[in-house]
């Protein structure tokens, strides 16, 4: 049995056997009985390393045994392991030469929190979004076949990710190609099936045994010349499986289903994988695991321990704490909390409101709504396409759907947004969470493309609140609009604005001027408003909180263009196609000739690190905004002087 820990070690644990493993090749030299010790040392080191820097926690703890068994049986990196989503990849990184760097994970300049091809040859496919592993692994299996190689490909996918359509699309194709692909279903909350009792466990062991597999494969070859006999045997086998397992779905698709087996018994995993490794055709191994395995608090609260912050050691000397913390130290609500509170308040007023989320209840702030309004709450699992079209169908029946979705995940439902919502002018409100840079989760989770892909869609309106109160009011404004609307807001807390409980519909397409200045006008969008205001003071610049990206406040922009010599747009979005591009288009349409400076994210993927650090590196903090404006003003002055000469 693996060890269970109750505390996260604050000092590096003693891991003598793990320390000898520089690569999976070293792991494969060990006798099988030593793997249990490797498992315990790896899990303890994982607890320590994540405690040092913070990061995804429960998923990695749950696949320690599986990770060890896979690298022990498969000749990685020649054999390909594809981890779905990637939250569970930390043990994999520890075993593949990155053990001592793990304390830098998700930090600027450190390891990525997800598998990343440029980081290691063992990271065979970059991930972050869910349900892509089977497609990628199948592509690798087909590529190996075309090259005449016997390399193996394995996709490791969780039960949540298995609910997405792409996973089944890939499995259907794999069954058609009959490629040598192993899919491991890592089932850590029994959402796929719930097999109970000794009969189920008994048959699961039989189906995973070497003798049964050999008998099955040999019989298939012999009986292939006698179709009637083989059909009878196959139907008998299926009937036996169906008595004790509801997972006939995978057999019906065309996979040989094995399991379920205990994902925390490393010896059973090794034995089963050894039996499966050389089989021909698509195989599915179903393993049961516990998220947070080996750390008692995480096993008791897997949702709360999905990820953790850095563990700070307690100071030896007690520091006096003020009886009344300053306003700066008071805990500010996150934008997700503001959305969740607005959703509940709005639902109390309007019985037509329906909340929809694709498996992001906690992250999107919908827990309270799900408890208070269970009949009007739909978690559709990792099915973004379905979420959007479901909302469209509800709108057809005079309901008022609100879809809470991360900006980066709405990309998956783009066709549905155009075809099933916007084209039909259906009344659907989208709460776009994690808009802009997200920080430690990196490029896979950045919401930096939404303005570009949304503002091209007819009938769509887009709001970008600058603070907590504006977020609440713009959500209300979007909800009151009879048509598709999106409100984008960042991860985490805002500047600390007082939130008015009264909800007021703000005029669509109307900005507000926050500061009057000379020469320079800054058109700030969303979360960039506070930094723009700070930069404007030494510049004596005008600052306009634009509020809306579509429609733009044309009058305010043209007025600012007429009264200033430099127009500056600031946004936490890719420059191409973003809000600045929209302003440029408007000025071009109106034949306005003016110097315009577009400050936005550069044309490359921005990787992981603290959000404020990444914004500063992109020149989107107050100092960077001021510096770039001064550089442009100096350039204007040089051009004027050159013209005068």
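Each Cβ is built from the backbone N, Cα and C atoms, and glycine gets one as well.
Keep in mind the model is a prediction, meaning the values are calculated, not measured.
In the three-state DSSP reading, residue 160 (thiamine diphosphate binding site) counts as coil. Annotated thiamine diphosphate binding site per Swiss-Prot: 87, 128, 129, 130, 160, 161, 188, 295, 384, in sequence order, evidence recorded as sequence analysis.
Residue environment of residue 159 (Mg(2+) binding site) contains 19 other Cβ atoms, counted within 10 Å of its Cβ in all protein chains. Residues annotated as Mg(2+) binding site in Swiss-Prot: 159, 188.
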Neighbour count (Cβ, 10 Å) for residue 87 (thiamine diphosphate binding site): 25
87, 129, 188, 384 screened against residue 159 (Mg(2+) binding site), Cα within 10 Å - retained binding-site residues: 188
Structural state of residue 87 (thiamine diphosphate binding site), classified by DSSP into three states: coil
